[in-house]
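Below is one structure; the comments refer to it alone.
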């Protein structure tokens, strides 16, 4: 770990940084289609290839695995060459993946197109590297900037499913996939031209002679800090997956229908956008460590609120509260990385933590389903999520004890 220093851009948060943030948000929203279109297309793909529901879900599984690994790979490329090369290459692979998926003659061809081209080499370039890049352009307002950029995944989840569903119903899933690929190509590539400028190198303020140097993260080694961030990412998202993955099935079990569950999921994502913006603003004022603890604690409480209610209106209210609580957790990991690690390592380190959150979502979704199969109820699954959330809170408390909770300057490059 390098010595602590104040790493500031000479111009503070320049106007171009806000313009770049707007472009980055567009890119993450468009590129985020890869995480959502496959879910909407599942029934059509199941019918086309005449496979079981579990087999039809294989493309989603491979997509998530590819996205997780790709986040690390693309982050390393962005650290070395800047965000532009992986973004341009990822956009081309994303488009190619959708076009080939639309031409698939077997389920395996469709699944590989999603796992390798859309997940590993495509959409992964439009999320983690973009968040790491935007964190380099902001100092004073880094928290809200990272949160806004991270909203792209939620905005994609709000915008893309109804669009994909409409075109699947009107022109078929094959034409829809080809169209999505072409749309990504003709929209994201021109936007990359506006991102050609490299982030300015941080300026390290001179330290007066005789002033003792302080480690970037006193009291904790870089390896332990990174490892705990990865574990925390898994823990919070195992808990987060319970309502996000199973709310539709829960509503169907209660007799409200899948459509109501889909509306609750959309409400979660919409309030999640508000949550990310609020907690980003909060992180700029109280620091990411306290923000992590606050958001994680509220998520734990909101999970418990699902237990006593089984009415339609209460579930809508609790779903909204859950979205308002959980949106601040994941972006704070990126802020912690930027404050306690060199900027030159941000892409790879943020990509690793974000990949861990995807692993947590995958494990949590499966685990909640397995618990339901054993108990024929989601009550134990909600309690299981709460337990994992408590472990995340424990890590947040450890960070506060060892690192302190105040807002600090970012680590130097």
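Backbone N, Cα and C atoms are what each Cβ position is placed from, and that goes for glycine too.
Database features (TrEMBL):
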type     : residues : note
DOMAIN   : 20-408   : domain 'Major facilitator superfamily (MFS) profile'
TRANSMEM : 21-45    : transmembrane segment
TRANSMEM : 57-74    : transmembrane segment
TRANSMEM : 81-101   : transmembrane segment
TRANSMEM : 107-132  : transmembrane segment
TRANSMEM : 144-163  : transmembrane segment
TRANSMEM : 175-195  : transmembrane segment
TRANSMEM : 224-242  : transmembrane segment
TRANSMEM : 262-282  : transmembrane segment
TRANSMEM : 289-309  : transmembrane segment
TRANSMEM : 315-336  : transmembrane segment
TRANSMEM : 348-368  : transmembrane segment
TRANSMEM : 380-401  : transmembrane segment
(message) Given a Cβ distance threshold of under 8 angstroms, which distant residues of the chain, six or more beyond its ends, lie next to the transmembrane segment (144-163)?
(response) 13, 17, 21, 24-33, 35-37, 39-40, 126-127, 130-131, 134-135, 137-138, 266, 269-270, 272-273, 276-277, 279-281, 283-284, 327-328, 330-331, 334-335, 338
(message) Within the same chain, where does the transmembrane segment (57-74) have neighbours whose Cβ lies under 8 angstroms from its own Cβ atoms, ignoring anything closer than 6 residues to its ends? I mean 6 or more beyond.
(response) 34-35, 38-39, 42, 45, 86, 90, 107, 110-116, 118-125, 127-129, 347-348, 351-352, 354-356, 358-359, 361-362
(request) Could you please provide the mean pLDDT value for the domain 'Major facilitator superfamily (MFS) profile' (20-408)? (result) 89
(request) May I ask whether the transmembrane segment (175-195) has at least three C-beta pairs under 8 Å with the transmembrane segment (81-101), counting pairs 6 or more apart in sequence? (result) yes
(message) Is it the case that the transmembrane segment (262-282) and the transmembrane segment (175-195) touch, counting contact as three or more CB pairs under 8 Å in which the residues of each pair are 6 or more positions apart?
(response) no
(request) Any chance you could find the range in 21-45, 315-336, 348-368, 380-401 with the most Cβ pairs under 8 Å to the transmembrane segment (289-309)? (result) 315-336
(request) For the transmembrane segment (380-401), could you work out the same-chain residues 6 or more beyond its ends whose Cβ comes under 8 Å from its Cβ atoms? (result) 228, 231-232, 235-236, 238-243, 246, 289-290, 292-293, 296-297, 299-300, 303-304, 306-307, 329, 336, 364, 367-368, 371-372, 374
(request) For the transmembrane segment (224-242), find every same-chain residue at least 6 residues outside the stretch whose CB is under 8 Å from a CB in it, and list them. (result) 217, 292, 296, 299-300, 303, 326, 329-330, 333, 336-337, 340-341, 349, 352-354, 356-365, 367-368, 378, 381-382, 384-386, 388-389, 391-392, 395-396, 398-399
(message) Within the same chain, where does the transmembrane segment (315-336) have neighbours whose Cβ lies under 8 angstroms from its own Cβ atoms, ignoring anything closer than 6 residues to its ends? I mean 6 or more beyond.
(response) 131-132, 135, 142-143, 146-147, 150, 154, 229, 232-233, 236-237, 240, 243, 247, 250-251, 254, 256, 263-265, 267-276, 278-280, 282-283, 288-289, 291-292, 294-296, 298-299, 301-303, 305-306, 309, 350, 353-354, 357, 392, 399
(message) Given a Cβ distance threshold of under 8 angstroms, which distant residues of the chain, six or more beyond its ends, lie next to the transmembrane segment (348-368)?
(response) 61, 64-65, 67-69, 71-76, 79, 127-129, 131-132, 135, 226, 229-231, 233-242, 244-246, 330, 333-334, 337-338, 341, 378, 381, 384-385, 388
